[in-house]
Amino acid sequence: MDVLSAIKKRRSNGLVSEEPVPRELLEKVLEAGTWAPSHHRTEPWRYFVLTGSGREPLGKVLAKIAAKNMEDPESEKNRKKLQAAADNPFRAPAIITVAAEPSDNPKVDVREEYGAVYASIQNMLLAAEELGLGAYWRTGAPAYDPVMKELFGLSEKGEVLGFLYIGYPKRELPVGKRKPVEEVTVWMTDRSSFENN
């Protein structure tokens, strides 16, 4: 598959089977991530691959974070929500937690470090597509909670930027839709182009 086709074909597919994904395939996904661009060649990405019972600690932390935002975590309704949070990592046989560890170099802007890691995630999603895997990039407030950073042993500057849930897809997803490029693009072909902004 050529790159342009893979970009258009890739879908966020969270409905995957429980069949384990071979380590060799996960390593290919990880390697694709390391080929993302990074300013100053800092390569700030860090990956944590969770499979089997290695997903349990993530579930416990997700439940702990959810409980912090509940008035009464012991109510029957909230206990069900906490169990759902704890079970969340078992929606896929493999999860790659993707984090950024920004460089200490004073010339490096942390926003560029995050940008590099996001590019790494896109590479990984495209690799998963090429390998016939379903992948879903999950983010949200729990990813950025200090307890999550602690779980993965990140530095004070480190940050979890998302979780890639990976497995074999249970279904084919419909073709995606995007706005026409004309709606999101301005061609600035001479100085006067800036006067209209």
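Cβ coordinates come from backbone N, Cα and C, glycine included.
All annotation found in TrEMBL is predicted automatically rather than curated by experts.
According to TrEMBL, the protein carries these features:
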- Arg10, Arg11, Ser12, His39, Trp137, Arg138, Thr139: FMN binding site (BINDING)
- 7-168: domain 'Nitroreductase' (DOMAIN)
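What TrEMBL annotates, mapped onto the structure for a quick look.
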{"residue": "Arg10", "record": "FMN binding site", "CB count, 10 Å": "17"}
{"residue": "Arg11", "record": "FMN binding site", "CB count, 10 Å": "17"}
{"residue": "Ser12", "record": "FMN binding site", "CB count, 10 Å": "13"}
{"residue": "His39", "record": "FMN binding site", "CB count, 10 Å": "15"}
{"residue": "Trp137", "record": "FMN binding site", "CB count, 10 Å": "18"}
{"residue": "Arg138", "record": "FMN binding site", "CB count, 10 Å": "17"}
{"residue": "Thr139", "record": "FMN binding site", "CB count, 10 Å": "13"}
*Specify the secondary structure state of Arg10 (FMN binding site) as given by DSSP, simplified to three classes.*
coil
*FMN binding residues Arg10, Arg11, Ser12, His39, Trp137, Arg138, Thr139: largest Cα-Cα distance, in Å and rounded to whole number*: 28
*Where does Arg138 (FMN binding site) sit in the DSSP three-state scheme?*
strand
*Looking only at the domain 'Nitroreductase' (7-168), report the model's average pLDDT.*
96
